[in-house]
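Student: Please see the structure below; I have some questions.
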Amino acid sequence: MAAAMDWLPWSLLLFSLMCDTGAFYVPGVAPINFHQNDPVEIKAVKLTSSRTQLPYEYYSLPFCQPSKITYKAENLGEVLRGDRIVNTPFQVLMNSEKKCEVLCGQSNKPVTLTVEQSRLVAERISEDYYVHLIADNLPVATRLELYSNRDGDDKKKEKDVQFEHGYRLGFTDVNKIYLHNHLSFILYYHREDLEEDREHTYRVVRFEVIPQSVRLEDLKADEKSSCTLPEGTNSSPQEIDPTKENQLYFTYSVHWEESDIKWASRWDTYLTMSDVQIHWFSIINSVVVVFFLSGILSMIIIRTLRKDIANYNKEDDIEDTMEESGWKLVHGDVFRPPQYPMILSSLLGSGIQLFCMILIVIFVAMLGMLSPSSRGALMTTACFLFMFMGVFGGFSAGRLYRTLKGHRWKKGAFCTATLYPGVVFGICFVLNCFIWGKHSSGAVPFPTMVALLCMWFGISLPLVYLGYYFGFRKQPYDNPVRTNQIPRQIPEQRWYMNRFVGILMAGILPFGAMFIELFFIFSAIWENQFYYLFGFLFLVFIILVVSCSQISIVMVYFQLCAEDYRWWWRNFLVSGGSAFYVLVYAIFYFVNKLDIVEFIPSLLYFGYTALMVLSFWLLTGTIGFYAAYMFVRKIYAAVKID
């Protein structure tokens, strides 16, 4: 065991280094080749804000519209994310420059925003909304800053550039609100190798925008929809007065630049993080610390157990041994079925379902099959996998329920299929009603909700029943000792054996292993960032499984040594103790990182956080429970019982 613990951290470290070599490569999407002057379609995705957490579709604001609005057919994941991809009137041609062009309106007739439209635009700007566009499925990014470099190395300068996703709708200054009504698009292309008798082809490899606010009086437009921007700082920004009508032009320009970025690396701009070094060192530190502590805990348990088992198996000292306190004294009660075995087995079945789903999703994403360029693929895959993993959840729940002397398998199967999913659906439905009330694109449409219910009752529930049926018919787990008819009296327990104290103690190590990844995941969810470090996430998931298992074994061992055989529910709750720290961290993140002040955004945050904490508790509790159950069966099978 000690030898195994010696090489395990190094092998995992090597594995994580291997994952880094392809961490930012995004396969799975075929490139599109453009010829000179081919149209490059600019589409809008949505409007987002980290302050409100309510996405809106692009045309919820009075932007210029094309002659025919066409929405893209979306998958389940895109709908759940609030994406509403739609065409826009921007006319962009491959490698064709445009200095300035009026998007809608005429030289003598600018766009007029009504009082209601002006109020809505001003409200969205004050709520710090971002606009998200895509060109050739590549999201638009805004260049934030360029650090100076004394050596003048352009490549090094390029690495120091920071980007944010989308562009700001506008800005406020001295209680006045200004709209970004001119967009300077900068598109980078990579020239493909020229074949014989064929013209050059190009691929879009980066999409940037420089948003500007230009006052109506400073723009000069002609009858051909061309315009002239003021030079330098001679212009004033376009103010939006929410109390009256506002007139303005929506304009844009297009600039093309050749780039040596290859198509396979074009997502690096969005996936590279500025603090990646901190991320690396934190992950490595977590690996070393967690496995070092896990090794120590394992050695303590193994050495203590060897001594206990050796003493218990000495026939000469058997009477002295039985007079001592220890885990062997509760051998006749340790496998006594707990209260509410149906609920316990149902929760553990849902935990198995979650475990299988998360493991497969992370592994497939680590291989690059669920790239950000395939919008909504991650969430769609997770939903369908959870449905189909119901057969494994039902099987494990059915077998455990029979082991716990349960008899009503049909009711147990229904409980497994509906308890956790029902809570999730109920919370999501209530939150969705509030989102509907705000007319947000984040609200799940009624047909999609019906489709989800059909998937639940048409796929998940039958599969859970099928798995439960076979699990209940299978031979129950073989417990190595018989259960006494009369329960043993439990002595008074010390304060540190309290259930809540156990939750606090058991949750520290697993939470410490995943703390850094949790920060990046929260940033991706609540601050509209991309997350693609699934190599790291897979490593952290393995660490989480190992640490939860080892901590669970330690906790159940000390509980049995205290002659308390009621370990079933307690171990399930204590093993999920890291979920308590996730909740505490979520509150800390809300207070210190987010600028949410309104009721509905706060309700959404804590509603979805509650679902996350519940799911994480089920996951870690299930991992710890089965590790402890295997451990208990193993140690009682190793001693002689008279």
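Quick reminder: no glycine exception, Cβ is built from N, Cα and C everywhere.
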Student: Under the annotation given by Swiss-Prot, are Lys593 and Ile309 positioned on the same side of the membrane?
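Tutor: No, opposite sides.
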Student: Ranking 377-397, 502-522, 599-619 by the number of C-beta pairs under 8 Å to the transmembrane segment (417-437), which range is first?
Tutor: 599-619
Student: Within the same chain, where does the transmembrane segment (536-556) have neighbours whose Cβ lies under 8 angstroms from its own Cβ atoms, ignoring anything closer than 6 residues to its ends? I mean 6 or more beyond.
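Tutor: Hits for the transmembrane segment (536-556): 12, 15-16, 19, 23, 279, 283, 286-287, 290-291, 294, 297-298, 300-301, 358-359, 362-363, 365-366, 502, 505-506, 509-510, 513-514, 517, 567, 571, 574-575, 578, 620, 623-625, 627-628, 631-632.
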Student: Report the listed stretch (282-302, 347-367, 377-397, 502-522, 571-591) having the maximum count of Cβ pairs within less than 8 Å of the transmembrane segment (599-619).
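Tutor: Answer is 571-591, with the largest number of Cβ pairs below 8 Å.
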Student: Checking distant contacts: for the topological domain 'Cytoplasmic' (620-642), what same-chain residues at least six beyond its ends satisfy Cβ-Cβ under 8 A?
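Tutor: Here the qualifying positions are 305, 309, 312-313, 315, 318, 327-328, 331, 334-335, 347-348, 351-352, 354-355, 477-481, 506, 510, 544-545, 548-553, 555-557, 560, 567-568, 571-579.
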